[in-house]
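Undergrad: Quick paste from TrEMBL:
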- SER10, SER16, ARG17, SER18: FMN binding site (BINDING)
- 3-206: domain 'Flavodoxin-like fold' (DOMAIN)
Amino acid sequence: MAHLLHIDSSPRDERSRSRRFTREFVEAWKRTHPANTVTYRDIGRNPVPHITESWIAAAYTPPTQRTLDLQDAIHISDQLVDELLAADIYVIGVPMYNYSIPSMLKAYIDQIVRIGRTFEFTPENAENPYKPLVLGKQMFIITARGASGYGTGKRYEMLNYQDPYLRTVFGFIGITDVTFVHVENDELGGTGLAESIAHARTQIAQLVGR
């Protein structure tokens, strides 16, 4: 039995394409894998806090040496990391904002990239001081974009700070099995949007069924 963590990062409600398609993915997943369990976190509607100086101090202080203030500063992060580590599969909805990701998702990532918990740092190994700790996981990222042409070799490839950043930061902590599903042309509409939606649904059906 596997456990799935479903995360939405769009501040939009019913108008959100990324929400609609993460929901379709998870519903199809539950039908196909009825024994699996799901945890849902909505960081679009309920954002996590940004990290602070106290947070940084707590992250670099051994747990047994943290003051009550430092424990309080890192408490939410500990909960988020526990939730992340408990899951085997991740489904994340990510709209493209200004060619990148919503600030709510960036705040979440800052909370879960944690020394000693999701990665290790060994300064004595100068050539490769970082060791990922979140291994053997699988991630599906469903993006929503106003236009298209952000893929490799496409006209807007150099503007795409969404896919490369997410691959890099999740790969840094050990999540390297990452599959993207792109819903594009949301602002343009027409046949371009219809074709993108159809392709995304076909891709989701294949991913859920494999």
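Even glycines carry a Cβ here, placed using N, Cα and C.
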Undergrad: Centre the Cβ atoms of SER10, SER16, ARG17, SER18, go out 8 Å, and tell me which other residues of that chain have a Cβ in range of the FMN site.
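TA: Other same-chain residues near the FMN site: ASP8, ARG12, ARG15, ARG19, ARG20, PHE21, THR22, GLY93, PRO95, ALA144.
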Undergrad: Which residue, out of the binding-site residues SER10, SER16, SER18, shows the minimum number of other Cβ atoms inside 10 Å of its Cβ in this structure?
TA: SER16
Undergrad: Quick one: give me the count of other CB atoms within 10 A of the CB of ARG17 (FMN binding site).
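TA: Result for ARG17 (FMN binding site): 23 neighbouring Cβ atoms inside 10 Å.
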Undergrad: What is the pLDDT of the domain 'Flavodoxin-like fold' (3-206) when averaged and given as a whole number?
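TA: Its mean pLDDT is 95.
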Undergrad: Return one of helix, strand or coil for ARG17 (FMN binding site), based on DSSP.
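TA: In three-state terms, ARG17 (FMN binding site) counts as helix.
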